[in-house]
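Swiss-Prot has this to say about the protein:
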type: BINDING; residues: Gly38, Val39, Thr40, Gly41, Ser42, Gly43, Lys44, Thr45; note: ATP binding site
type: DOMAIN; residues: 25-412; note: domain 'Helicase ATP-binding'
type: DOMAIN; residues: 429-595; note: domain 'Helicase C-terminal'
type: DOMAIN; residues: 622-657; note: domain 'UVR'
type: MOTIF; residues: 91-114; note: motif 'Beta-hairpin'
Amino acid sequence: MEKLKVHSKFEPKGDQPKAIRSISDGILKGDKYQTLLGVTGSGKTFTMAKIIEQVQKPTLVLAHNKTLAAQLCSEFREFFPENSVEYFVSYYDYYQPEAYVAQTDTYIEKDASINDEIDKLRHSATSALLERKDVIIVSSVSCIYGLGNPEEYKNLTISLREGMEKDRDEILKKLVEIQYERNEINFVRGTFRVRGDVLDIFPASSSNIAIRVEFFGDEIEKIREFDSLTGEIVGKRNHVSIFPASHFATSKERLEVGIKKIEEELEIRVQEFIKEDKLLEAQRIKQRTNFDIEMMRELGYCSGIENYSRILDGRAAGTPPQTLLDYFPEDFLLFVDESHVTLPQVRGMYGGDRSRKDNLVNYGFRLPSAYDNRPLKFNEFQSKLNRVVFVSATPGDHELDKSSNVAEQIIRPTGLLDPEIIVKPIKGQIDDLYSNINETIKNGFRVLVTTLTKKMAEDLTEYFKEMNIKTRYLHSDIDTIERMKIIRELRLGEFDVLVGINLLREGLDIPEVALVAILDADKEGFLRSDRSLIQIIGRAARNSESKVIMYADNITKSMDRAIKETNRRRVIQMEYNKENNIVPQTIIKDIREVIEATKVVEEEAEYDSLEEAIQANNENLEELISKYEADMRKAAKELEFEKAAHYRDIIQKLKKQLSNI
């Protein structure tokens, strides 16, 4: 097995060595729950990486949204270039769940758009877990949803080895059984093609590398890897495992047993409806279920097969579904990032799913077994865990109560202090804020302003614009990608002030911000709790010149706790800096990193101009041309003809450049 090994030019500093040692010892000793309480900018991700290196366990890192998961995955890939770092989030670009509105007699069919790249990354994650031990998976709460039986997934895997006696047609049948499609023309992920004694398979977990199996009679003579686009042979394999193209793939034997049980449940349900004089519902459930059964018999699957997953898995009613957690070995390690947000999210998933399914079951659209195609309940989630580390600057009561060890990470490697907090009266707050904004902008820095209401945020934005301050408003209707673009523009200085409500909290790392203003800080509530205030204060902890202004007429209990905690941390940080002769330095962070979090993790860097691309690849222009040709074909295939034409123009310029060399 490859060892999990961190590659970094940095060594642990400040509180990091103590936190790494303390939590690693706890994991190896058998502590189930621990907390890493790390302030913003203290290098919690690096600490997590070093703990993983110390304990050498397959690891799941749980984040509360796709953007944060992508950002973490990117960082872990830099720390562990020799190991398998995977990304597992929901593969839906768009998802409209199946539902029934009884009041208007409206049935809403499930409608979804699946992101092929993310589906590939999900398959890559599960296959990595079954093939190796040096695995780190960064996931959203998608990991607590049903994923199919890992034992069945493993049993259906096709193992091919050089010199093996294997009937070619038998392999083709098995490929179809695990939901690969035969396609001689459009050779894409999850398909295979046959040309004489040569079988080409495009694994569901691969981007562009396919497998070529060459036969001599019934003997496998050669197994090679090739580029699916160019056909160029890129490697030789002695052995290859082909994992199913769907996590819900089921063997014929299990499918037949499952169909009989579905028919039995259907018969019972129809009789129940007839007994209650619900003839329409009885007819509906019979028609819909029989159609699904017919599809399963003919194709091996049906649309919405996940609703029958409990029966196909052979589980008892009410038992938890199989999830990504079941693909891990028993001794895996879980990090819950931003646990104060992530854990409540995990808690809330089951309730929302159950209420939606009530109508579908009660009105004859689904069998009662559909209830068991669901996310895990919180207690079920906890029962699957073995070693857990909660990671947060503001851990919740649940985390602190559960943890046998809380490791504090208050010292930042850069020497940065928690910001100074100034409390000012509400009267005249806008004029005072205007004056502070001008001073901050004059020094070349940016400003974050957080309000309590949407109307105030909008009015404030308009007011500052009228006062010739470049201001933008970040509201909840803005999607993730647009949000990251706005943050990038703030960092670049395209505007100076960003106004928001509850959007200036976790994951907003902007070193250019030197002032955070909190309006109506004395209004007790969720947005002004001590934990929320500490998170907002943390947004100013990346700049050595930063300060926080709270506008309030009274010091609330939440404000008092947040101010005291921040001052406690400042004292510890100042003493450490004095003892070690450290001068606080503003974090220097590449601006491109902010927007890269929204891309699929494996994407290659785009160049800002053709000249930059040529300069970066001057010795490999032919490779660059091949890359753009692949991009052009992909764009044309997706009917994005303007983009394809743009790539064509680039290719022509590159070829001209090549001829001049």
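Keep in mind that glycine also has a Cβ here, set from the backbone N, Cα and C atoms.
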Quiz item: Tell me which residues of the chain lie with their Cβ under 8 angstroms from that of Val39 (ATP binding site), as long as they are six or more apart in sequence?
Solution: Ala393, Gln409, Ile410, Arg412, Asp418, Gly538, Ala541, Arg569
Exercise. Let me know the most crowded of the binding-site residues, choosing from Thr40, Ser42, Thr45 and counting other Cβ atoms within 10 Å.
Key: Ser42
Exercise. Specify all same-chain residues, apart from the site residues Gly38, Val39, Thr40, Gly41, Ser42, Gly43, Lys44, Thr45, whose Cβ lies within 8 angstroms of the center of the Cβ atoms of the ATP site, ordered by sequence.
Key: Thr47, Ala393, Gln409, Arg412
Exercise. Pick the one among the binding-site residues Gly38, Gly41, Gly43 whose Cβ has the fewest other Cβ atoms within 10 Å in this structure.
Key: Gly41
Quiz item: For the domain 'Helicase C-terminal' (429-595), what is the mean per-residue pLDDT, to the nearest integer?
Solution: 86
Exercise. Would you count the other C-beta atoms found within 10 angstroms of the C-beta of Lys44 (ATP binding site) for me?
Key: 22
Quiz item: Could you count the residues of the domain 'UVR' (622-657) that DSSP puts in helix, in strand and in coil?
Solution: 33 helix, 0 strand, 3 coil
